[in-house]
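Engineer: Got a structure here, written out as structure tokens. Questions coming.
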Amino acid sequence: MKILVINSGSSSIKYQLIDMADESVMVSGLVERIGEEQGVMTHKAYPGTDREAVVKLEQPIPDHSVGLKLAIDLTSSGENAVCSLDEIKAVGHRVVAGGENFSAPVVVTPEMMEELKDTERLAPLHNPANLGGAREAMALFPGVPQVLVFDTAFHQTIPPHAFMYALPYEYYEEDHIRRYGAHGTSHKYVAGECARLMDKPLDELNVITIHMGNGASMAAVKDGKCVDTSMGLTPLEGLVMGTRSGDVDPAVHNYLAVNRGMDIATIDNVLHKESGLKGLCGMNDMRDIHAAIEKGDERAELALGVQTYRTRKYIGSYMAVLGRVDAVVFTAGIGENDSIVRRKTMEGLEPFGMKIDVQANDKRAKEPMLISTGDSPVAIWVIPTNEELAIARETRDIVNG
Ligand code: AMP
């Protein structure tokens, strides 16, 4: 069974074709700058193997439909074709927010698309583009099941005492304001991988998963189920991110409005796009921040300090939530690649049984790595995430019933 996985963003489409027989990637690609004067596309057949063939295109790509069509054409025709179109038995789509009504993957119908419009306000930067991709794919693959896999689904086991905000109750009842979380597909995938690597049944594993990329979130997973997560109603709450503030005093909004005369839209934009690491030091890529620290940049040092301290604070609170912690897992762009961030995050947690092995932590690998010492009661892992494979598996499972 071959499954196409699509992650449709506001001006980009990421896609992979996965052969579920051996879970190998037959095609991977990225279409960028959709709607701009010049679009850019990189398409790889059999990526990472000795058969790899790369096609790079630069041409106007006016909309997502054109981008998706290009991807499909390169996959199924011409010299780099890997299969015919009718071999693609299902398409899986990443959707950031499912709200309360979509707590598991679904085969989407046109009626459902109407209902899903309501979720767009929960992730205004992501959901319209995610759902737009699904709409285009429905038109391009008539009769092929289109499965939506929601980033919020894994968090639906969070109990009310953890998902409720202490606001007037009717805001929950009428406006559905509550914690939903995000990155659930990634948290679920690495928790599953962690159980496999530790040779423990997932439903007996207590793990803290840290997805730390440009966006960042954590999950407390008890007996294999998510019981708390750091993102909230939207993906703004929680950890310090590339450009997102994470936790701030909610009174900041009023303070900025009164003292700086800013309106709500401007404040929202600042918290999403001008804050986080970028707000603190002007840079949102951790590699640039390390380079600046080397040159003595004190703001860059501060940004690293704030970011790692916030993460450590969440680890502490999730230890209290879980009681017993078997493992801590780092994943995503920073989590997988940045040994300094990992070391600084775990600093001072030795008395709680979390002992990092500095040499193991300094190694680099594309494979999962155990980075705790042999006598550390809590295992500390680096586990590369693979959201595409996770979406493909969910898609296969739902299509196969
Ligand atoms: P993601 O959102 O998971 O793709 O992660 C992207 C972020 O990961 C970038 O903005 C960088 O901050 C960070 N990153 C990627 N590669 C490295 C690396 N080799 N070392 C440190 N940080 C990295």
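Just so you know, the numbers here start at 1 and follow the chain as drawn.
Just so it is clear, glycine is given a Cβ too, placed from its N, Cα and C backbone atoms.
Quick caveat, the model's predicted, so the values are computed rather than measured.
Annotation source TrEMBL lists Mg(2+) binding site at N7, E387. Residues annotated as ATP binding site in TrEMBL: K14, H211, M212, G213, N214, G215, D285, M286, R287, G333, I334, G335, E336, N337. Residues annotated as substrate binding site in TrEMBL: R94. Sequence annotations record features per position, and here TrEMBL assigns active site, proton donor/acceptor to D151. Annotation source TrEMBL lists site 'Transition state stabilizer' at H183, R244.
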Engineer: How far apart, in angstrom, are the most distant Cα atoms among the ATP-binding residues K14, H211, M212, G213, N214, G215, D285, M286, R287, G333, I334, G335, E336, N337?
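Structural biologist: Between the outermost Cα atoms of K14, H211, M212, G213, N214, G215, D285, M286, R287, G333, I334, G335, E336, N337, the distance is 23 Å.
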Engineer: If you count Cβ atoms within 10 Å of the Cβ of R244 (site 'Transition state stabilizer'), leaving out that atom itself, what do you get?
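Structural biologist: Looking across every protein chain shown, the total is 26.
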Engineer: Quick check for the class: what is the C-alpha distance, in angstrom and rounded, between M212 (ATP binding site) and H183 (site 'Transition state stabilizer')?
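Structural biologist: Between the Cα atoms of M212 (ATP binding site) and H183 (site 'Transition state stabilizer'), the distance comes to 10 Å.
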Engineer: Taking only C-alpha atoms and a 10 A limit, tell me which of N7, D151, H183, R244, E387 are near K14 (ATP binding site). These are the recorded positions.
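Structural biologist: Final answer, ordered: N7.
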Engineer: Using a Cβ cut-off under 8 Å and a sequence separation of 6 or more, which residues in the same chain sit near E336 (ATP binding site)?
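Structural biologist: E336 (ATP binding site) has long-range Cβ partners F330, V382, P384, T385.
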Engineer: I need the nearest neighbour of R244 (site 'Transition state stabilizer') among the binding-site residues N7, R94, N214, D285, R287, using C-alpha distances.
Structural biologist: N214
Engineer: Measure from the Cβ of E387 (Mg(2+) binding site) and count the other Cβ atoms within 10 Å, all protein chains considered.
Structural biologist: 23
